[in-house]
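Swiss-Prot annotations:
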type	residues	note
COMPBIAS	834-845	compositional bias 'Acidic residues'
DISULFID	Cys275-Cys337	disulfide bond
DISULFID	Cys346-Cys352	disulfide bond
DISULFID	Cys666-Cys672	disulfide bond
DISULFID	Cys704-Cys713	disulfide bond
DISULFID	Cys1076-Cys1096	disulfide bond
DISULFID	Cys1441-Cys1456	disulfide bond
INTRAMEM	369-393	intramembrane segment
INTRAMEM	682-702	intramembrane segment
INTRAMEM	1120-1141	intramembrane segment
INTRAMEM	1411-1433	intramembrane segment
REPEAT	108-431	repeat 'I'
REPEAT	900-1215	repeat 'III'
TOPO_DOM	1-126	topological domain 'Cytoplasmic'
TOPO_DOM	146-152	topological domain 'Extracellular'
TOPO_DOM	174-187	topological domain 'Cytoplasmic'
TOPO_DOM	206-211	topological domain 'Extracellular'
TOPO_DOM	229-247	topological domain 'Cytoplasmic'
TOPO_DOM	268-368	topological domain 'Extracellular'
TOPO_DOM	394-400	topological domain 'Extracellular'
TOPO_DOM	422-513	topological domain 'Cytoplasmic'
TOPO_DOM	533-543	topological domain 'Extracellular'
TOPO_DOM	564-577	topological domain 'Cytoplasmic'
TOPO_DOM	618-633	topological domain 'Cytoplasmic'
TOPO_DOM	653-681	topological domain 'Extracellular'
TOPO_DOM	733-919	topological domain 'Cytoplasmic'
TOPO_DOM	938-950	topological domain 'Extracellular'
TOPO_DOM	970-983	topological domain 'Cytoplasmic'
TOPO_DOM	1030-1046	topological domain 'Cytoplasmic'
TOPO_DOM	1142-1158	topological domain 'Extracellular'
TOPO_DOM	1181-1243	topological domain 'Cytoplasmic'
TOPO_DOM	1262-1272	topological domain 'Extracellular'
TOPO_DOM	1292-1303	topological domain 'Cytoplasmic'
TOPO_DOM	1322-1334	topological domain 'Extracellular'
TOPO_DOM	1352-1370	topological domain 'Cytoplasmic'
TOPO_DOM	1389-1410	topological domain 'Extracellular'
TOPO_DOM	1434-1462	topological domain 'Extracellular'
TRANSMEM	153-173	transmembrane segment
TRANSMEM	188-205	transmembrane segment
TRANSMEM	248-267	transmembrane segment
TRANSMEM	401-421	transmembrane segment
TRANSMEM	578-597	transmembrane segment
TRANSMEM	600-617	transmembrane segment
TRANSMEM	714-732	transmembrane segment
TRANSMEM	920-937	transmembrane segment
TRANSMEM	984-1002	transmembrane segment
TRANSMEM	1011-1029	transmembrane segment
TRANSMEM	1273-1291	transmembrane segment
TRANSMEM	1304-1321	transmembrane segment
Amino acid sequence: MRTLLPPVGSEVFRRFTQSSLNEIQQKQQIREEERKRTNAQVSEELPEPASDLEAGKPLPFIYGEPPHELLNVPLEDIDPFYQSQKTFIVLSKGNIIYRFNAESSLYLLSPFNALRIVAIKILIHSLFSLFIMATILTNCAFMTLSDPPAWSKTMEYVFTFIYTFEATIKILSRGFCVGKFTFLKDPWNWLDFMVISMAYLTELVDLGNVSVLRTFRVLRALKTITVIPGLKTIVGALIQSVRKLADAMVLTVFCLSVFALIGLQLFMGNLRQKCVLIPQWLYGNLTFDINSTNGYYGNDTHDNGTKSKHLEFEFERHINNPDNYYYLTGQGDPLLCGNSSDAGVCPESYVCLKVGANPNYGYTSYDSFGWAFLALFRLMTQDFWENLFQLTLRTAGKTYMIFFVVVIFLGSFYLINLILAVVAMAYAEQNEATLAEAKEKEEEYIHILEALKKREEEQAARKEPHSTVEGFEDDHRLCPPCWYAFANIFLKWDCCGCWRHLKECLYAIVMDPFVDLGITICIILNTVFMAMEHYPMSADFEELLSVGNLVFTGIFTGEMVFKILAMDPYFYFQVGWNIFDSIIVTISLVELGLANVQGLSVLRSFRLMRVFKLAKSWPTLNMLIKIIGNSVGALGNLTLVLAIIVFIFAVVGMQLFGKNYKDCVCRISEDCVLPRWHMNDFFHAFLIIFRVLCGEWIESMWDCMEVSGQTMCLIVFMMVLVIGNLVVLNLFLALLLSSFSGDNLTTQDDEGENNLQIAINRINRAMSWTKTYILLYVYTLTESNLNQHFAVSDDEEQRRVKDILALTSVSSDKLVSHHCGNDFFRVPIAEAESDSDDSDYDEDKDSQCDESSVCSSVQKPEVQEEEMDENCVAKTPTDCWTKKCYSRCPFLDIDTSQGRGKIWCNIRRTCFSIVENNYFESFIVFMILLSSGALAFEDIYLEKHQLIKSILEYADKVFTYVFVMEMVLKWFAYGFKSYFSNAWCWLDFLIVDVSLVSLTANILGYSELGAIKSLRTLRALRPLRALSRFEGMRVVVNALVGAVPSIFNVLLVCLIFWLIFSIMGVNLFAGKFSYCFNETSQEIIDTKVVDNKTECIALIKANFTEVRWKNVKVNYDNVGIGYLSLLQVATFKGWTDIMYAAVDSRDVESQPIYEVNLYMYLYFVIFIIFGSFFTLNLFIGVIIDNFNQQKAKLGGQDIFMTEEQKKYYNAMKKLGSKKPQKPVPRPENPFQGLVFDLVTKQIFDVFIMVLICLNMVTMMVETDEQSDKKEEVLYWINVVFILIFTTECTLKIIALRRHYFSIGWNIFDFVVVILSILGLLLADIIEKYFVSPTLFRVIRLARIGRVLRLIRGAKGIRTLLFALMMSLPALFNIGLLLFLIMFIFSIFGMSNFAYVKKEALIDDMFNFETFGNSMICLFMITTSAGWDGLLSPIMNTPPDCDPNVENPGTTVRGNCGSPAIGIAFFSTYIIMSFLVVVNMFIAIILENFNVATEESSDPLCEDDFEMFYETWEKFDPDASQFIQYSKLSDFCDTLKEPLRIPQPNTIKLISMDLPLVPGDRIHCMDILLALTAEVLGDSDEMDTLKATMEEKFMANNPSKVSYEPISSTLLRKEEEVAATVIQRAYRKYLLLRTVRLASFMYREKTEGRGKEKAPETTGLLCKQFSQLYGFNKETDEPLQSKANRLGQVELQSEVLLHAVPPLRSSEFLQERDQRETSV
């Protein structure tokens, strides 16, 4: 930008005239001639376009204000880049830059043409943009009309005319398509062109389906992007994100395809298995075949089978009649069933047959690849997957839960979060680039301002009235000067001295910290008062809350008034919090005045905003509000883009499907009334699109496909899901996560203490002072009494007083930090008993060193164990008691050197050696596992198996005795002090106590008491003891303990946020969700019959016993249950029922009417945006960031892996650590050699890959109940593929011999081939002799193994799977922790919910009756799926359940649940699993994805090193690690990019200076390092990489150590060049001497100069030269030939080689060029 600063005195803005155009043309002509003359590209020397002078941006302030007469007229371009091109600029009124071509527009209109100038003026005018924007918005409003009026057609013509006029103006001013800044060169103008073209097409040409074409009009909404400049940028970022999704999308589609194929093979046709009523006339006549569609064999053989045919016809009609299927209450689809042992069973009189259609209109099935793919995609996106899970397990069996576990963990947790990672990374890169650009601009602006200051000084010297900087500052004042004058007069109140004195007094009061404390307490009390509102309330309580509201409103009003008086309005409203206070107080006062006005009760909700005032004194809440504020600011454009996307898809849905919903409504609704989710009008279409953005799309899509056809609905819904949910919302999340770091969620000490902290500190100091003097007074009284009996010296007394004062003067903060530090989490380990006088703290520190303790550590990660190990002996027990205990009870201090004390010491040492023994540790772990496993058997069937019950009772006693024994041994070994100072030992102690109390109660016969039963459920915590014993789980818990403060902070803030929405929900919906219900017909009584509760109660009193006034279980009757409602809405489970009740609600105790309160949907929309999108995603952010902080404190080590797992992780990350392998030798046998050549060619691998793809396609076309012909064709195709792959396997074994099994992929291929052959052979046997379709299906899965071979050839997929492999150790540890949590909650669920009534999602398969069923339910709700359906029956209370009903086989009575326990159980599990543990999965996957992406985005990756060594094998068949120097050129040419150096490459290789070892050989690592440096360049990172690679290679290949280089390629070349130079110089010298001698001899002969001495040296040299290079008289051998024979060896002596300094490569090349030039 410094280059853009115009020189002083220069004319910056010049009109664009004909002479300007001629000047540009002259410059272009000169440049063209120069280019032709020098044959070089002059354009390369031109500067880059200035980013600040781009079209559409405002003119930088450094150019000053352009003269008014130069606005809206063509000017010469001020960008140096364009000054030599045919362009000009126009500045609009707001100094916005517009750039145009100087060429003639449409070959007709020059830049100086009047028409074009008018068009330009219209185009750049702000009113024109506003007019177009208003037109677009009006057009959008018309598009939302589902039933437009007749005159709307006229409006369409008007809109089309306006858009045509806009395009015409653009084309006239810019040109159409030829030139850089013409109309069609801007991609956004393509949109305009397409919109206008489609408008004319639909009017002029009859194209059939007009409704489809009319939807193209919605693209006009995208024109807003072209009008609002900021939107183009964010759309560009979105497009970049989508481009980067390529690999992740490919991997996702591939994995989904594989899973869909597995689902197709395992579950094809299963979901058609239904419970069909057995007709009475068929009993005894037929035998049912469960696998046949007919389902029977006839037993009767009458004449010509007449009766059998009749029965066949009747039976066929019977089983295809939906009325004969079994339906559960409230379900539209019949009950599914299966025929395996663990599948769902049919009720009595029903049989399981495969008949009828699939569930959900037939769209949920695995019957073909397409439907299976849709089902798996639904499973991956976790939309209503609990339904698919239940249907599949009910038909196939519970064993297949494994399939769902794999798909959820791989597909949902991994693949979906890969998309998040890619989008987040794309945003991060863009953000970094923006920040870098901003930093660069900042530096440039500093220089610019310096230049402006100099200019200002010059202007001041010339006495100019206004400088540039002053002008700039004046321009940036917020208000006109008149407003400042008004403010000084009316908003600053300085009347007289007494008024100022009053103000000072008021200021001192309102700014006092204690006043702030009082206001904060009032805010909290006000919030409590608002939260106490509930339904039903007594009149007195309601009056109390009303008075409380008046009081608090008065207090806050008074605070505002006093602050305004104290600070003056001018300064009061300068503070943001004061503005906020004034708004809330004003609304509160308005609400009081309008309290009785109907419909304005929503104003009461604004009082809730006072809660945010807590942020002034609560740093975490303040930071969260700032985060949301920053995010909303950054999300402004993105929100607008999302709104446009939602609008477009809503209009598209309404235009395409709205009419179909109305016409075909009977297909999806029994009473032919539009369902709640439809697209017949814009508002409902908007709700469906918003629901899809929330992740719920499948149910709406089923309805759409049923009424409008499958293809179009699939396309629209998939587009909304991918664009809206996966891209835009993930970008929202990326922006949110980038808005904060973990440091933001901690108190900012730099800002100093706020008033609240000052007030609290004052109170603490006052309390401390009071406490000190009370203690001193008490001490004085007691001492005076004691001194009468004991003589105490004054010095000792003074020392005690000082101790008391010192103790009490410690602040509470320090006391807390001392007692709640990391030491509480350390492991107490006993060490040698000592009588030393060290402090307790030092003893604790010394006693916490050994990690072998049974109560293992939950040490925070940042504590380094090495620091503690220096002083540790830890071989003998520590003291039993603390020093205080010994001082208070001296008899505890026993002399351990003699007598009983010595015996006691020996006993302790024996106990210590026992508990420290590894065998004891292993035994205890084994007992923990056994005791935990025993809990799993205590299900509802235990009473039926008395033997197992007896065994479990005895085992429980044994476990209790063993754990008591372990506890006592540890008491003896470690002492009470060490044992009870450790959290894990406390946990052990409490769990043992529970078992002990339970056992004692059983022995005494009190086991049936309610309290004892409740206590027994706590035995479910027994598996927690395993946490400290398994290192993998322990490291995860360590990380979690470190994250707990941040998680708790976010949880607390979320609760505050949700409190506002919960209180608002109570205000809006309390008492309005009830309805009058007919228990017999299971229907709500119509409002025409019963209008409210009073009428319903009257109906009940009139002996209508089947009628009940019921309430929705999850409602807003109080704040507590409101929280539960919000949790269901935030997790999108059960939220639709709550919304339905809300939009149907009228008044308190009134019957609901269908969608009477339609716009209450907006309450839920707003909560989902702020309560779900923001707050729940904060959990992800804080967990990721906290773990990153912990990792940084540990020096970058992974906090989720044990030391052994870190070794695996590092092995996975090794780069370049391979060594050359000896290639498989070509067989000598000619036939084998021929086969070897075939299988090692690349074309062979390509051919096999193509066949694998074809095999995948053939598997995809398989369907349920396909024709016999198709089945036979597919069978033989499968046989052909098996033969081909078997042939491939055989050929490779023949060619590679034993080496075949040394390659992992070959072993995989071999296993797949064997399994395929077994599947082919066993299929017939299984079909003939067994009736086990499960085994048959599992065998067929082997075919899918072939598809996985595609991974071998897909680099991008391998990179992403490599990230997964790196994540496995940490994921395994977190999986273990998740399993432990599920195990504990399963046991707890079995204890409390085993007998609840079967309704909603609890049925005969999904319940808490057995451990297996509990685990299935908990796995389902780990993703939050279906937890509302499991909670609903548990919340049943009489009369919805019967507390006295008998449960067969047990003494337990009743089928009611416990609402309080159920809510606590599910809420806790959702928070622990869904919000914490699952987010830990996400954190690890994102981190390892980043690592893998960085490696794959590097210029070099693992594949390149692999390619290097594969090529090396061809040049070094013996794997000696060396090749000849002569082969180097060919080797480097044979390599593939990026390592390849194509021939001719001799000079390049010489300049790389590769070390040579004896024998002119080069080592592979030296070549690899040199090539790597060539690709990456020289940098510190390169040096580090070199060192790492060399170190790894040396470790793997010690053979390199014995070879030391004696030279290098560059040195060798330098030696050769030096020798050549010396040879040439020497020959030249000899030749010169020879000429001189010849001249001397000639002169002697002709002139006879006898006095001249002959040059003897020269003569001697000439003689030598003659001997060396002269003619041999005997053979007449030429000079050159003799030189070749003798000279080379003799001249290349060591003296000559080292007589000259070595030349570097550049010097050598220079010298060579000089020599060649001179020659």
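Residue positions begin at 1 at the first shown residue.
Each Cβ is built from the backbone N, Cα and C atoms, and glycine gets one as well.
Annotated features, which come from Swiss-Prot, shown on the structure.
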residue: Cys337; record: disulfide bond; Cβ within 10 Å: 22
residue: Cys346; record: disulfide bond; Cβ within 10 Å: 21
residue: Cys352; record: disulfide bond; Cβ within 10 Å: 22
residue: Cys666; record: disulfide bond; Cβ within 10 Å: 11
residue: Cys672; record: disulfide bond; Cβ within 10 Å: 10
residue: Cys713; record: disulfide bond; Cβ within 10 Å: 22
residue: Cys1076; record: disulfide bond; Cβ within 10 Å: 25
residue: Cys1096; record: disulfide bond; Cβ within 10 Å: 24
residue: Cys1441; record: disulfide bond; Cβ within 10 Å: 19
residue: Cys1456; record: disulfide bond; Cβ within 10 Å: 21
Round to the nearest Å and give the CA-to-CA distance linking Cys1076 (disulfide bond) with Cys346 (disulfide bond). 33
Taking all protein chains shown into account, the Cβ-based neighbour count within 10 Å for Cys704 (disulfide bond) is 27
When you check the intramembrane segment (1411-1433) against the intramembrane segment (682-702), do you get at least 3 Cβ pairs under 8 Å, counting only pairs 6 or more apart in sequence? no
Within its own chain, what residues at least 6 apart in sequence put their Cβ under 8 Å from the Cβ of Cys275 (disulfide bond), listed in sequence order? Tyr325, Tyr326, Pro334, Leu335, Leu336, Cys337, Cys346, Pro347, Tyr350, Val351, Cys352
Per DSSP, to which secondary structure element type does Cys713 (disulfide bond) belong, with helix, strand and coil as the options? helix
Take the topological domain 'Cytoplasmic' (1292-1303) and count its residues per DSSP category (helix H/G/I, strand E/B, coil), listing them in that order. 11 helix, 0 strand, 1 coil
Based on DSSP, name the secondary structure state of Cys704 (disulfide bond): helix, strand or coil. helix
Using DSSP, what is the helix/strand/coil residue split across the topological domain 'Extracellular' (938-950)? 8 helix, 0 strand, 5 coil
Quick one: do the transmembrane segment (714-732) and the transmembrane segment (401-421) have at least 3 Cβ pairs under 8 Å, skipping pairs fewer than 6 apart in sequence? yes
Please indicate, using numbers and ranges, the residues of the same chain that are 6 or more beyond the intramembrane segment (1120-1141) and have a C-beta under 8 Å from a C-beta there. 676, 694-696, 1055, 1058, 1061-1063, 1065-1066, 1069, 1072-1073, 1112, 1114, 1152, 1160-1161, 1164, 1167-1168, 1171-1172, 1175-1176, 1424-1429, 1432, 1463, 1467, 1470, 1474
From the Cα of Cys704 (disulfide bond) across to the Cα of Cys666 (disulfide bond), what is the distance in angstrom? 13
Please tell me which one of the disulfide-bonded residues listed here (Cys672, Cys1096, Cys1441, Cys1456) sits closest to Cys704 (disulfide bond), measuring Cα to Cα? Cys672
Quick check: in three-state DSSP terms, what is Cys1096 (disulfide bond)? helix
Rounded to the nearest Å, what's the C-alpha distance separating Cys1456 (disulfide bond) and Cys1096 (disulfide bond)? Just drop the number here, would you? 26
Spatially, which candidate from the disulfide-bonded residues Cys672, Cys713, Cys1096 is nearest to Cys1441 (disulfide bond), comparing Cα atoms? Cys1096
Are there residues at least 6 beyond the ends of the topological domain 'Extracellular' (1389-1410) whose Cβ is under 8 Å from a Cβ of it, and what are they? 328-329, 344-345, 386, 390, 393-394, 398, 938-941, 1016-1017, 1020, 1416-1418, 1420, 1426, 1429-1430, 1432-1434, 1436, 1440-1441, 1447, 1450, 1452, 1454-1458, 1461-1462, 1465
Under DSSP, the topological domain 'Extracellular' (1434-1462) has how many residues in helix, strand and coil? 5 helix, 2 strand, 22 coil
Rounded to the nearest Å, what's the C-alpha distance separating Cys672 (disulfide bond) and Cys713 (disulfide bond)? Just drop the number here, would you? 21
